[in-house]
Amino acid sequence: MLRALKTHVEAPIVVATRAASTNAEKLEEIRERLAKGPNFQDFVQNPDNTRSEWEQYDGKLRREKGEEQRLRLPPWLKTTIPVGKNYAKIKAQMRELKLSTVCEEARCPNIGECWGGGEHGTQTATIMLMGDTCTRGCRFCSVKTARKPPPLDVNEPVNTATAIASWGLDYIVLTSVDRDDLPDGGSKHIAETVREIKARNSNIFVECLVPDFRGNLECVETIANSGLDVYAHNIETVEKLTPYVRDRRAHYRQTLQVLTEAKRFNPNLITKSSIMLGLGETDEEIENTLKDLREAGVDCVTLGQYMQPTNKHLKVIEYVTPEKFKHWEERGNELGFLYTASGPLVRSSYKAGEFFITSILENRKKRQNATEVPKEQ
């Protein structure tokens, strides 16, 4: 009788345990599907807008001093949902290899366009190395911050290179969080990743968008001589606004020095920087920043609209019009930049390969035409 009672009591427990195990497995499966699938931003569909709609927009574009209300998003800053096989493939592999991309962490509006291939089919992705947590707290950036982030993943350089080789990308941008907690700021980790990528595909263009390493020139030299093609470091904003926009450890003149020294360590490098507009800067300050970058030997510059990622970040002071961005593109070309990418949705890594390759091909064609000797009649 006792044996029968014991069996009667244990049976429901076994059934309950199996049911709980099955439910846990189903829950884990759902979580995995959600992680790999589209997120909320993927479903926020915005209509395509024509230039005529932009020109007819009469909404307020500048927030006056003392105003707290956020500006309404103008039509030229609305984008369509990211779709396509390339986009889905890259996103799925990012999840599998536990890699981070600044495209997602920084909520870039161009993710579908870059991952999908863009106008000329040049696929570009931007991978964020050294984790998803930064030691700095810039007031414009949505990346997580902490004084001491988790340790580096020693397998990341190989995992990153393996993923990139399987994607068949033409151009890859490696960026990273700041790691002031590490003696070398993570410079050796970044350099190793570049070497692993080039070992698998020597033809791929590699751009590194790197921190300032608090002005440590040994770290700058490590990156400059790692085998990369483009050394990028963003100045972000004009000199006057730098203390309010960037982390207190970032300095305007320090950024210029990093860019100057990178070129000195490796004269064959292309150097690049980026400026956000809409934070309250004046035209004169933008002009001076562009000139400072040229004096530092910077070859390429991008200008884009600052967009407030959350309510905790800096508010947008002004939405700059596409016409104004066009002006700065023309001005950048006049100042002698190899290329200037300027537009409301342009980001430092926006279609980097497409802009870069197109510009290089155009310049080569111009040089070829200029050196051709006319045939005798």
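Here the Cβ of each residue, glycine as well, is placed from N, Cα and C on the backbone.
Features reported for this protein in Swiss-Prot:
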- CYS103, CYS108, CYS114, SER349: [4Fe-4S] cluster 1 binding site (BINDING)
- 119-338: domain 'Radical SAM core' (DOMAIN)
- CYS134, CYS138, CYS141: [4Fe-4S] cluster 2 binding site (BINDING)
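Residues near CYS134 ([4Fe-4S] cluster 2 binding site) in space but far in sequence (CB under 8 A, at least 6 apart, same chain), listed by position: CYS141, VAL143, LYS144, THR145, ALA146, PRO149, VAL177, ASP178, ARG179. In sequence order, ARG136, GLY137, PHE140, SER142, VAL143, THR145, VAL177, ASP178, ASP247 are the same-chain residues whose CB sits within 8 A of the CB centroid of CYS134, CYS138, CYS141, the residues recorded for [4Fe-4S] cluster 2 being left out. Taking a C-beta cut-off of under 8 Å and a sequence gap of six or more, CYS138 ([4Fe-4S] cluster 2 binding site) has these contacts in its own chain: GLU236, VAL245, ARG246, ASP247, ALA250. A sphere of 10 angstroms centred on the C-beta of CYS141 ([4Fe-4S] cluster 2 binding site) encloses 21 other C-beta atoms. Across the domain 'Radical SAM core' (119-338), mean pLDDT in this model comes to 91.
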